[in-house]
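**Student:** One structure, as structure tokens, below. Some questions next.
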Amino acid sequence: QGTRDHAPAQAALRDRLLSAVVSCFKRHGAAAIDTPALELRETLVGKYGEGTKLIYELQDQGGELLALRYDLTVPFARYLAMNKITNMKRYHIAKVYRRDNPATTRGRYREFYQCDFDIAGQFDPMIPDAECLKIVHEILSDLQLGDFVIKVNDRRILNGVFAVCGVPESKFIPACSTVDKLDKVPWEEVRSEMVGEKGLSPEAADHIGEYVQLHGGLDLIEQLLQDPKLSQNKLAKEGLGDMKLLFEYLTLFGITGKISFDLSLARGLDYYTGVIFEAVLLQQEKEHVEEPVSIGSVAGGGRYDGLVGMFDPKGRKVPCVGVSIGIERIFSILEQRLEASGEKLRTTETQVLVATPQKHLLAARLKLISELWDAGIKAEMLYKKDPKLLKQLQYCEDTGIPLAAIVGEQELADGVVKLRDVATREEVRM
């Protein structure tokens, strides 16, 4: 069915993963918000390009046509417009729903988590955009997922390329969604789709091909700023100017080594208006291979300055830029690594097991564990009146609980507790 249950070890792994992402978002001063899983159908339809056909629509329920949210960005834009908010830095972690063909082995599900970070408000160019890229870099570095590259482009540059190649404006978005397939299929297939399905002339398609296969850094931006055709296009010139500024800020953040200005990056969603980016994990298949092989996108985002205005009755715009971390894909990768290593993952955070060595001491255990809980210590005990000490210590070993607090008749008489380190078997009286 394209959804999944999570066993305790998987849930613990996901929890750690989400905690690492949240701590990064908080470090950057983001506040948490939450929006409902259900939206009005009209809120979602028409915002996702070809993705619209994957929206889960619900039948008329009491006079309203509803749908399950497809992502967290459109609900955020609706939230800003409804509450007349013009300035906000937020994060949101929640489930989204897509009526897709699931590929569970690759971390593609019909119900999955998204982790979004967005900056809304009127600010000077590229400063918030650079911070979003810095966040992606921090998270992927912290999680130690291996080598990665963050591809960046700008919708204005792409639209400028289409314009100088002779594509009519009505075909910009369809051309964009075709270019977006370049990371999965070779240029020949993309070209034939442009000509055969999207109705572009073969000359225009060939001309586009000369541009969209370029990638590099500041040097490429400079080269394109000198391009006789592109430099005459107002949109492309604006986009390239901002891209140059973005690279200057990324240089100051010290992360340009992982950033690639890539003209094939299009991102299929309709609502992007400026900078777009996507982080891809690289897998070195063989040591002597020059080009590392991509194993899929794990984060993506961009600037969407027109989306909030779509929900505002007066059409007031709130510029926004944001990023979404593909937590399911990252989770799948970490899960496979854990299985391969054979390492056991602790499923609880229990610090101490309260144990007794003799019979008739349940009262002593209950009193001690209550004190520990009240003091904020994570503690457990076995739900038996008279468990054997060996069984209690075995439980600690099986679940990874590091300490056992033992109260026997002697300890009660002396007013102490014996604290045992389960791994080393050392004991101290306290």
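Placed from the backbone N, Cα and C atoms, the Cβ positions cover glycine too.
Per TrEMBL, L-histidine binding site is recorded for D71, L72, T73, R98, Q114, D118, R267, Y271, Y272. Here TrEMBL flags 1-357 as domain 'Aminoacyl-transfer RNA synthetases class-II family profile'.
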**Student:** When you look at D71, L72, T73, R98, Q114, D118, R267, Y271, Y272, which the record names as binding L-histidine, what is the longest CA to CA distance in angstrom?
**Tutor:** 22
**Student:** Are there any residues in the same chain, six or more apart in sequence, whose C-beta is under 8 angstroms from the C-beta of Y272 (L-histidine binding site), and if so which?
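**Tutor:** The list for Y272 (L-histidine binding site) reads R155, G302, R303, Y304, given in order along the sequence.
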**Student:** Please average pLDDT over the domain 'Aminoacyl-transfer RNA synthetases class-II family profile' (1-357) for the predicted structure.
**Tutor:** 89
**Student:** Inside 10 Å of the Cβ of R267 (L-histidine binding site), count up the other Cβ atoms and send me the figure.
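**Tutor:** Around the Cβ of R267 (L-histidine binding site), 23 other Cβ atoms lie within 10 Å.
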**Student:** Taking every protein chain shown into account, which of the binding-site residues T73, Q114 has the largest tally of Cβ atoms within 10 Å of its Cβ?
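**Tutor:** In terms of Cβ crowding, the pick is T73.
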